[in-house]
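Everything on this sheet refers to the single structure shown next.
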Amino acid sequence: MTLDSSKYPLLNLVNEPAHLRDLAQDKLPAFSHELRDYLLNSVSQSSGHLASGLGTVELTVALHYVYNTPDDRLVWDVGHQAYPHKILTGRRDLMHTIRKKDGLHPFPFREESQYDTFSVGHSSTSISAALGMSIAAQKEGKGRKTVAVIGDGAITAGMAFEAMNHLGDVKSDMLIILNDNEMSISENVGALTNHFARILSGSFYTNIREGSKKLLSGVPPVKQLASKMEEHIKGMMIPGTFFEELGLNYIGPIDGHDVNMLVDTLRNMRNLKGPQLLHIKTQKGKGYKPAEADPIGYHGVPKFDPNTSSLPKSKPGAATFSNVFGDWLCDIAKQDSKLMAITPAMREGSGMVRFSKEHPDQYFDVAIAEQHAVTLAAGFACEGLKPVVAIYSSFLQRAYDQLIHDVALQNLPVLFAIDRAGIVGADGETHQGAYDLSFMRCIPNMVIMAPSDTNECRHMLYTGYQANCPVAVRYPRGSAGTAEIATNMQLLEIGKADVVKQGAKVAILSFGTLLENAQLAADELNATLVNMRFIKPLDTALLDELINSHDVIVTLEDNAISGGAGSAVNEYLATQKAQVSILNLGIPDEFIKHGTQDEMHDEMGLGEQGILTAIKAFIN
């Protein structure tokens, strides 16, 4: 988006944070207004994450105004809220490329800018990373400051608490900013708390506090009494007792949209010693009425007209895998009250909105707590309930020990509905579901399935639900197949593949939705085409037939080649001393950047033409 200097006179002066610091403080409210307007107009023309960034405009301005970035370290959690940060740090004129192939990264990314001190995308990592940076600065004798910005959702995750517990122990000089935008911690915002925050963060109070500690250090009983009195006084006026118990000096809550208040408070806190936590209250979608009214709907948006009060409706199309999963859950719940559906804060994305409303007693959103989600399911299974864990592929990585130790080791019947498997598209490296087959395949007792289309997904979910062992059904973002979704549910034979087309010489073994892309190669080469369905157990009887009747075996998967489904076939063929040539097609040994699913598949040679070309090159 080209900057109209007449519309954005202040923003036009700022190409990096040093320029922002040249502005007089009384200009910051007007500057924040311009930044918010530019963000809205930019994202509405390009698509992307909107509501979170609208809510952090004043915070972003205040942080870059007070802190000497990039020398001072600023760490954003997750990164949805970092669009204003990107605009202020030299990337304003590239915002129209965000989340597009070869464009700006959707999240803070170290390779993109020196201002992005830590690459993010998953939640609750900021405090740990910032603590590491803070300790490093102290060891190097450098005076740089470290700030972690984390939301009220992300701070509930275990990793954030682990980091705060450690921070309180080592007492490193760093600041945590708790961006509370959902009224989930406190509603105590107003003139009194703003005034109290100024007092508690100011030098007068801090000097008295630290001086008293030194004076009373030789009189332990009196020191302990004074400390308790301070905690009780603060506890009557502020909701930060929990953080104080962890060893953090708590300030707030304050209005996160009062940029001058933020600047004053941050200036006070910048020079405080030890761990600090500033609690700010913000509104997701701030400044744009439709986003304020529907922050979830405006979290991630397509291109839209900001002058209208609604987002464009999606064009009718084939049902997505997430929709099919959600409908399947509702169908099963009508038949079985033992069904327990669990999600770690992915209700909308996993297609569970309808289920959560129709079956609230069987629905458990455990927040950003993947480890807990999996072990909760294990506990359900121990008592004869039927747990289904709906989780994104890239987030299941965070619960790997629980998958092994708490589920598979005990051979508990837990069904994992793994969404966003394979290439997900515009969210890039942190969200690609490239590794689940590789890290699950080595776990004993697991059954792993990959549907070729949405109808088959429904049958696989039903099959997994009936099994008496841990089962994973992994499916991609979006849809596959054009047929109407069947109302019936078919029990599939475990470990049995489906031969789609009988050919000669070349056999293409497809695991998942790339089956459709393999049709062209199968037709042109008169190859046998197999929908393998099961990654574990493999259909070894069929494999025996194929290696005795074909010269070339090709495996195809939307997963890392290393350790994936193709590797499983390789391992089996090696035990049989098979005299066939083997070609493995899948995701290469590198982190896949952002772009549409089709763009990235084509780039990796997993589109129709790419598969045909790769097989031709191999057999020739």
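Residue 1 is the first one shown; counting continues down the chain.
Note that Cβ sites are derived from N, Cα and C of the backbone, with glycine treated the same way.
Features of the protein shown, as given by Swiss-Prot:
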- His80, Gly121, His122, Ser123, Gly153, Ala154, Asn181, Tyr288, Glu370: thiamine diphosphate binding site (BINDING)
- Asp152, Asn181: Mg(2+) binding site (BINDING)
>> Give me the count of other Cβ atoms within 10 A of the Cβ belonging to Asn181 (thiamine diphosphate binding site).
In response: 22
> Of these binding-site residues, His80, His122, which scores lowest on Cβ atoms within 10 Å?
Replying inline: His122
>> Measuring Cα to Cα, how far is Asn181 (thiamine diphosphate binding site) from Asp152 (Mg(2+) binding site) in Å?
In response: 7
>> Checking the spread of the thiamine diphosphate site as listed (His80, Gly121, His122, Ser123, Gly153, Ala154, Asn181, Tyr288, Glu370): what is the longest Cα-Cα distance, in whole Å?
In response: 33
> What is the separation, in Å, between the Cα atoms of Asp152 (Mg(2+) binding site) and His122 (thiamine diphosphate binding site)?
Replying inline: 14
> Of Asp152, Glu370, the binding-site residues given in the record, which has the fewest other CB atoms within 10 A of its CB?
Replying inline: Asp152
> Does DSSP put Gly153 (thiamine diphosphate binding site) in a helix, in a strand, or in coil?
Replying inline: coil
> Around Gly153 (thiamine diphosphate binding site), how many other C-beta atoms are within 10 angstroms of its C-beta?
Replying inline: 19
> What does DSSP say about His80 (thiamine diphosphate binding site): helix, strand or coil?
Replying inline: helix
